[in-house]
Amino acid sequence: MNTTANYHPPPSSQPPFSDSDLDSDSDSENFQVGSDLSNSIFKTYLEFSSSSSSSSSSSITAVDLSKIQSFLTSSSTCALSCLICLERIRPSDPTWSCSSLCFAVFHLLCIQSWARQSSDLSAARAAARLPITAETAAKQATWNCPKCRSSYSKSEIPRCYLCFCGKLRDPPSDNPWILPHSCGEICNRPLPNNCGHFCLLLCHPGPCPSCPKSVKARCFCGSVEDFRRCGFKNFSCNKLCKKRLDCNKHNCSEICHPGTCPPCRARETYRCRCGKKEEEKDCCDRDYRCENECKKLLNCGKHVCERGCHGGDCGECPLQGNRTCPCGKRIYEGMPCDGVAPVCGATCNKLLNCGFHRCPERCHKGPCVETCRTMVKKACWCGGLKKEVPCYQDLSCERKCLRMRDCGRHACKRRCCDGDCPPCSEVCDKRLRCKNHKCPAPCHRGACAPCPIMVTISCACGETHFEVPCGTEMDHKPPKCRKLCKITPLCRHASTSKPHRCHYAACPPCRAPCEEEYPCGHKCNLRCHGPRPPPNPEFTLKPKKKKSNHQTECTPGTPCPPCPELVWRPCVGEHFGAERMMVCSNTTRFSCDNLCGNLLPCGNHYCTKTCHPLETQPSSSGHQKRSESCEVCNLPCQKVRMPKCSHPCPLPCHPGECPPCKVLMKRSCHCGAMVHAFECIHYNNLSEKDQVAARSCGGPCHRKLPNCKHLCPEICHVDKCPAPDKCSKKVTVRCKCQTLKKEWICQDVQAAYRDTGNDPKDIPKNQFGLGLLPCNSDCKRKIQEVESALQLRKPKVLEKKEPENKKHGPKRRKRRDRIQEGKQVSRFQEFVATMKRLLLFIIIVAALIAVTYYSYKGLLQLSDWMNEVELQRAKRRRSRF
């Protein structure tokens, strides 16, 4: 929030406010006092800031004072809360504020208890882990700020209640013109960056702003000199730096910057230290070493330099002068540098890597063994196991440590622990006092640190805001703001409504007349009661108890009340001369007790009930369809149908013409082979000729001629079949023995019967044409042949003459012989019978297959024919309509 914009505003710059902003209450008085306190605190600072010659001084001032303004807003509105107990800090409560980073304010008793517990816990941990006494650990113990975790020594535990600047002990809390917990004098604390000046604000919470005094300062590169505020005297001229770099050959090419110049990046070709290799490198990397060895001849003339790439002389040969054996016990003087120093043969006795034992080998070249294998008796880390092992090998057991860690909640559970258990690695995860978050710190003993999150509470527009600890945001009211409300009214007077100040509750009701038009055409004359913008749901303010002098006409946000105008209303039956004066919104209907007299829905009769409500619906014909509570006409329809038919109308009494008669009429075709089903309306609309044509099945007549067994060959027709005596079918004529046969025309056969005096109608069907041909000699010859064949087919029984001596044999033997002879005859007969049965079965199966096939084929043809007839009928109907 830009505080300079609120400093001493001129009276003419105040915008107009609505009537709701003129109400005076305690909150507005507190807000006025808070704004006066801000002006008095920032007065001296703003005077120095206004004298700055920099164009950006106003914006810098606003940034410096924003945090202080937030603290002042919280203090003036009593919105400060203690992070430890989460209780509101009252103006009369002793407090302490952090002076390191966060500048948070706490209750003095809360921070003293917190500091003692933290320092005691820190001392106990140090005494348990470090080799120091408890007294030394208590002196060196520290405690941390609950919010920013800045470290303080035990001697810095607050012991008394001081003002924000620390000059006055027990500052007064009953002066309304002094900020709570402040002494009301100039802060005078040293400003940051050690500029040598002091804070010019009145005693205030939060960090001191940057120094507002103007000083003469140079930019980072030193080429530009300008007057700047002391707190922002370090600046960049946005030109090239041009300082001399470390190489003393090139200048810095960066824009004016703070700190030392970057390394020189000019590219050139440079030699390595030994001078054997040339490479292109940056100027800052010009002194480099190649990967080759020096290999220059030393001054002894026998060895070469084994060092890597280097500059300067290689030095003397390292093998010249006095030399010793590998173990260093025997000294050899005057040996040449190319000679090899012999071993002395004594024990090496060099100290091994373990630091306790010496090398037991004889004097030898090269390093000693890395692992000491001397057997020693060792104990494991926890002391529960003792065993002889090699010196280089560590000994540990599998026993788990059951000591409790520093948190006092979890066991160590390390294998073979030495007693110095590490801190607990579990997350505390306890619910903090804010009830919104959990403790993210490692598992610890004692109370958890307060929730470090601060919640910003701002006004509805966001211009005025302050911070409160997490968990206390619902206990604080939002700050008062002098800006105009940015919420657009939702009623129909948004363009003409007066502006009002920023607020958190619902916007004040509109006081203009409603003038909204009713559906009936009248206008609402009450005060505007349109919808209001909803309040911000973050804060629910308690409604103020005010005595209302007048009763509101209508609740805001509700629709218009019913129309109060007086109008003439007809009765429910809409009879003439029965109107009454009623309120426009009163929709009560009344009856005039006259007969209804309206035409019933049937259109043929009238309603005889008393006046009752009606519902009128305009129809396409222009008449009004009345239906609702009129009596129902239960009489049957008595209208004459056109065209005339014998069927009555199935509907009850109805308006308009009767529907077409859809009754199906069954009419057989002329030959009687098929029955047709016609709709009554369709059949009666046909002429007699068309009716005869429609009843014809279109196939053969299917009627039997009266004088013969044949059917009529004509197409299905009306009346008797024409010319029944002139049948042209062929008939097979036979003689009486049925040996001779000929084919005659049916009319000749009938004539032959008439010539013999017989009527063809009396001749059976199976004997029609039999006996009309005379028999001849061929017939007799064929009869004889047939009789001889039949004689041959009969079984011949051989009559054997029995000897005389056997005439008187037993009867049982004779019977047996007869049975055997009978068996021989029956076998042949059985074979013939079997063949006949098989042949008869084959004939029956073939007949069934043929009947099934031709029946199916006939049904398909009949279906196709009926479909064609239906299509023809449909075409005729279309042509008529």
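Each residue, glycine too, has its Cβ placed from N, Cα and C.
Keep in mind that TrEMBL annotations are predicted by a computer and have not been checked by a curator.
As recorded in TrEMBL:
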type     : residues : note
REGION   : 1-33     : region 'Disordered'
DOMAIN   : 195-213  : domain 'NF-X1-type'
DOMAIN   : 247-266  : domain 'NF-X1-type'
DOMAIN   : 300-319  : domain 'NF-X1-type'
DOMAIN   : 354-374  : domain 'NF-X1-type'
DOMAIN   : 407-426  : domain 'NF-X1-type'
DOMAIN   : 434-453  : domain 'NF-X1-type'
DOMAIN   : 491-512  : domain 'NF-X1-type'
DOMAIN   : 602-632  : domain 'NF-X1-type'
DOMAIN   : 645-663  : domain 'NF-X1-type'
DOMAIN   : 708-729  : domain 'NF-X1-type'
COMPBIAS : 797-807  : compositional bias 'Basic and acidic residues'
REGION   : 797-821  : region 'Disordered'
COMPBIAS : 808-817  : compositional bias 'Basic residues'
TRANSMEM : 838-856  : transmembrane segment
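Sequence-distant contacts of the domain 'NF-X1-type' (708-729) (same chain, at least 6 residues past either end, Cβ-Cβ under 8 Å): 669-671, 673, 692, 696-702, 745-747, 749-750, 760, 765, 768. Across the domain 'NF-X1-type' (645-663), DSSP helix (H, G, I), strand (E, B) and coil residues number 0 helix, 1 strand, 18 coil. Tertiary proximity for the domain 'NF-X1-type' (434-453) is limited to same-chain residues at least six positions away from its ends with a CB under 8 Å from its CB atoms, namely 83-84, 86, 117, 121, 144, 146-149, 405-410, 423-428, 469-472. Long-range neighbours of the domain 'NF-X1-type' (247-266) within the same chain, counting only residues 6 or more positions beyond its ends whose Cβ lies under 8 Å from a Cβ of the stretch, are 219-221, 223, 234, 236-241, 282-284, 286. Each residue of the domain 'NF-X1-type' (434-453) gets a DSSP state, and the totals for helix, strand and coil are 0 helix, 2 strand, 18 coil. On the 0 to 100 pLDDT scale, the domain 'NF-X1-type' (645-663) averages 84 in this prediction. Taking DSSP states H, G and I as helix and E and B as strand, the domain 'NF-X1-type' (407-426) has 0 helix, 2 strand, 18 coil.
Across the domain 'NF-X1-type' (300-319), DSSP helix (H, G, I), strand (E, B) and coil residues number 0 helix, 2 strand, 18 coil. The helix, strand and coil residue counts that DSSP assigns across the domain 'NF-X1-type' (247-266) are 0 helix, 2 strand, 18 coil.
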